[in-house]
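As recorded in Swiss-Prot:
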- Pro2: N-acetylproline (MOD_RES)
- 12-18, 40-42, Arg305, 331-333, 413-415: GTP binding site (BINDING)
- Asp13, Glu14, Gly15, Lys16, Asn38, Ala39, Gly40, His41, Thr129, Arg143, Gln224, Thr239, Arg303: IMP binding site (BINDING)
- Asp13, Gly40: Mg(2+) binding site (BINDING)
- Asp13: active site, proton acceptor (ACT_SITE)
- His41: active site, proton donor (ACT_SITE)
- Val299, Thr300, Thr301, Gly302, Arg303, Arg304, Arg305: substrate binding site (BINDING)
Amino acid sequence: MPAIVLIGAQWGDEGKGKATDLLGGRVQWVVRYQGGNNAGHTVVLPTGENFALHLIPSGVLTPGVTNVIGNGVVIDPGVLLNELRGLQDRGVDTAKLLISADAHLLMPYHIAIDKVTERYMGSKKIGTTGRGIGPCYQDKIARIGIRVADVLDPEQLTHKVEAACEFKNQVLVKIYNRKALDPAQVVDALLEQAEGFKHRIADTRLLLNAALEAGETVLLEGSQGTLLDVDHGTYPYVTSSNPTAGGAAVGSGIGPTRIGTVLGILKAYTTRVGSGPFPTELFDEHGEYLSKTGREFGVTTGRRRRCGWFDAVIARYAARVNGITDYFLTKLDVLSSLESVPVCVGYEIDGRRTRDMPMTQRDLCRAKPVYEELPGWWEDISGAREFDDLPAKARDYVLRLEQLAGAPVSCIGVGPGREQTIVRRDVLQDRP
């Protein structure tokens, strides 16, 4: 059976955790394929319990599902162990969590360099989370990174860490005037942490492909969003990995022909965290309303998210670069009680109108949104479970977004709970 990729179609924080949780009871595997603990998924169970996950796939909250941290993820061992402990303390069974032997480990020098670099950059900083994600991916590309499997060979691990620290300490001490790290202490701390997770290390590529051959369903769960992709996002204000659908194959070891459905998660308005262009950003009472009503604060950083109206240019772009087959529209309920809801249908750049994503960041920074005004609705829609339960104006809003976004809206979120979802098309049953 083909795999399903679940991706964020904006700048992240679209509600991917809710979508994974909704589908989790009907799949056998959930795989996190990129990123690190620089992003978070919030899942609200039918019991009302709220879980914030940063490294572990959202499927861990569904009994019987095997969860995988794939080779494309960078793992902070301390964060992993704390997250596992937090889940276990709340009665969650984590026995079926596996970790790819080829995932990279985030080391103390990655965090140190990330933090001092951001401070050094000052007003020109990217706005990272300061968790060492970028420096860890830099080492991966430079072929000097530490992989999960290295903890199984202490001698090899020691050689690698000593070589890395020799260079990293030069940077920390001579450029940033910080203290040098002791490689022996780094190794000892890592080996101690590894005792808590090394029994989970596996050849996950082999297991995932065997599962697909056996007819099992694999859900590939991305973090962040399309516009934060290092290749396809608003560079340089991006993450250091590929949250797009193409990254799912690379970060899991599943071939692209194994993927049959790409489910894009799309918020009914737009948000982003950190620096970078944001054409529909609001600085008035409407932005304040979206922030407060949508509870737009980062799961990982706690930072307030920037808020703006829905941007169809971005949605079409996401559909194009990901090959999105279906959209899951989230937080439609947040728009209730607005008299009208503007939707960005295009940009104006130096007097020229376009419906497409600008080729350069310079043009995107100068883009002015061209709005189409849609009528709002006042009804509380949080109890709607069928599309026809929605007020006519809310249905019209969804249908207009569907026309503009480049793919059908198959699911609609009308609240944070798993059950607060309208399913127009079953993306698991009605599949290629």
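Positions of Cβ are set from backbone N, Cα and C atoms, glycine also.
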Coarse DSSP state, helix versus strand versus coil, of Thr42 (GTP binding site): strand
Euclidean distance between Cα atoms of Asn38 (IMP binding site) and Lys18 (GTP binding site), Å: 18
Residue among binding-site residues Asn38, Thr42, Gln224 with least C-beta crowding, 10 angstrom cut-off: Thr42
Between Gly15 (GTP binding site) and Arg305 (substrate binding site), the C-alpha gap once rounded to whole angstrom: 14
Rounded Cα separation (Å) that holds between Arg303 (IMP binding site) and Gly12 (GTP binding site): 13
Long-range Cβ environment of Gly12 (GTP binding site), under 8 Å and at least 6 residues apart: Ala39, Ser223, Gln224, Gly225, Leu228, Pro243, Arg272, Val273
Other C-beta atoms that fall within 10 angstroms of the C-beta of Arg304 (substrate binding site): 12
Shortest C-alpha distance to the residue listed as 'N-acetylproline' - which of the binding-site residues Thr42, Arg304, Val414: Thr42
DSSP three-state assignment for Arg304 (substrate binding site): strand
Recorded positions compared (Pro2, Gly15, Gly40, Gly302) - the one with the fewest other Cβ atoms within 10 Å: Gly302
Entry from the binding-site residues list Lys18, Arg303, Arg305 having the most other CB atoms no farther than 10 A: Lys18
